[in-house]
Amino acid sequence: MCSIMEGREVVLPTVSRVALCGGTHGNELSGVYLVRERLKRKVEEEEHISVVTVMSNPRAVQQCRRYTETDLNRCFTHATLSGPVTDKTPYEIVRSQELNTLLGPKGSPEAMDLVCDLHNTTANMGLCLIAYSDCDWISLHIYRYLQARENNHHRDSSFWMHFLIRVELPYSLDSVGKHGFGELIGPQAHGVVRSNILSTMQEGVQQMLEWVRLFNSGTPFEGGKVDVYTMVKNVDYPRDFETRGITAAIHPQLQDRDFCLLRPNDPVFQTFSGETLKYTGTEPLYPFFINECAYYEKGIALSLWSNAASPSPHMALAHSRAVPDRQETRADTLLRPEGARWTGAR
Amino acid sequence: MTSSTNVSCFHGARRVAIFGGTHGNEMSGVTLVNLWIQNGKEIQRKGVETKPFITNPRAVEKCTRYVDTDLNRAFTTENLSAPSGDDLPYEVQRAQQINEIFGPKGSPEAYDVIFDLHNTTSNMGCTLILESSKDHFNLQMMHYIKKAIAPDSCPVLLTEHPLLKYSTSRSVAKHPIGLEVGPQPQGVLRSNIFESMRVVLKHALDFIELFNEGLEFPPCTVDVFRVSEKMDYPRDTNGNIIAMVHPNLQDCDWEPLNPGDPMFQTFDGTTIRYEGAGTVYPTFINEAAYYEKQQAFVTTRRETLAAGAIKKA
């Protein structure tokens, strides 16, 4: 976890180039419809910010499938992005390299300042921002801004908000930008668009862009604690030894109870013969992605996360617009302890 | 079938099939049928041969609705009588095979009863699908099931309609019954949905056993929802959807929709209202698989059907 000194302020250059991506999974329809509608509307040029709207996986969108050959949102590791392309290369790998050219290159000064990638889940997770680090101050501050707006807004009580931190080497589309996060809303069946979910996503995107405009025009943002969840481990379904078919379903007492603390001996699965299988871990953890459709094939019935408060610093725009790279790095370096995870020139 | 003293006599229901995986990503049926193929004790009843069967194994393997074409629309006379061959779409070939095993459709050799297990992303609860208003055996079975699971409800959807009726896999049997349980996302197995389907099937098989043992079922009435009209999403000139199911209608399957009630919401927030002549009862609201079939929901009208007394011949 990043540590910051009391009262320190981070200054960063403008977040002037933003990418909004949908249809990274072709059957997660909120992002598909949001991007489609934005592409139809004439977007006005703005001072301080340019927003690129991208339909990430048009072939999968057209077929209303998660992917055609391989999961696009796992193709953005440096290794895959720099791999050779032949006519046997899966479509999504070719596409990931195209997107890297358009929005990156990942790790370079030319990359988009901010990439926001829109997703849905069949799990009852509300609205989640998913990042790789709790030191990405831009993402943390956007989350704080969305949370503050949420508290002032009458909303369906099922829309809780969470900030999730993955611990793997960054593999997703949002990692192409200098800053980025996935914005995930559930529950929604794949292949379906629910109006309340789409409205929530539209508001989230508007508020994110609002924050960027405010930041770019010099508004400072106060620091504070942010509740974050960090990935600990995945739990697979019990499976038949020979066929690898699942032999139990998520227990009715766990189904839909994402982000409710799971304690040792709490029910997790119910076998088809009615037996309850309990959580055998020793540490109480928070489940997310409970019964996400796309994760059956990845061997994940649910994943378990730990919770802690993470500090976010006061933030302001660097006074000079033309901030050389070394100054940007130095501002971040002041606050970076050894061993923190970096992806390129963040 | 002979009539005497107002009791319709049917031959015993000796051959019963339970179909799962007609749509390969509707997981309750796939899971139940696979379970019963391994161990069929739960579905055994005296005097009945109950055969669990995966109708679309290739779609199940890929966890997709279908491979070439929707199997549950493929049992048309044209398809079933077409010369067989590898050039036919996979599901048409499959329909012909199924017709051979469980049919032929319309003949005396056909299976007595076929239950076809489905899931839906719509909030339809445990819905029974009836294809003919004159199928007294099925009406009596549905009456029995509804009583058995009360106070939980089990709506009956009657798909008898000159244009909207479709050629289902179960239509091969003399008495076809569809089971449609939701809401459940495609590709997902929810334990509550799974158990509901299991319980309904248990009651259905109990009914068949009682009937085969000679129990007479007195006349009864069954409230049904008769399918009326298919409603598509509003679309632009390129065929793209320009509005979604309105939040007031979302998840309100089987509830009354009155003229003037909100029906769709455009992406900029405008409400489009229902302009029909009278109250209807919508169902299959926002079913994922129906976007490509140009259907946002279907309207139904309430009706009460009468079933005469039945008894095994």
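The backbone N, Cα and C atoms fix where each Cβ goes, and this holds for glycine too.
TrEMBL lists A:HIS25, A:GLU28 as binding Zn(2+), and of A:HIS48, A:HIS78, A:HIS119 the one it places in that same site is A:HIS119. The domain 'AstE/AspA barrel-sandwich hybrid' (A:225-304): residue composition by secondary structure is 3 helix, 32 strand, 45 coil, according to DSSP. Taking the domain 'Succinylglutamate desuccinylase/Aspartoacylase catalytic' (A:16-210) as a whole, pLDDT averages 93 in the prediction. Listed binding-site residues A:HIS25, A:GLU28, A:HIS119 compared with chain B at a CB cut-off under 8 A give none as close ones. Cβ contacts within 10 Å of A:GLU28 (Zn(2+) binding site), excluding its own Cβ and spanning all protein chains shown: 29.
Around A:HIS119 (Zn(2+) binding site), the C-beta neighbours below 8 angstroms that are at least 6 residues distant in the chain are A:THR24, A:HIS25, A:GLU28, A:GLY31, A:GLY182, A:GLU183, A:LEU184, A:ILE185.
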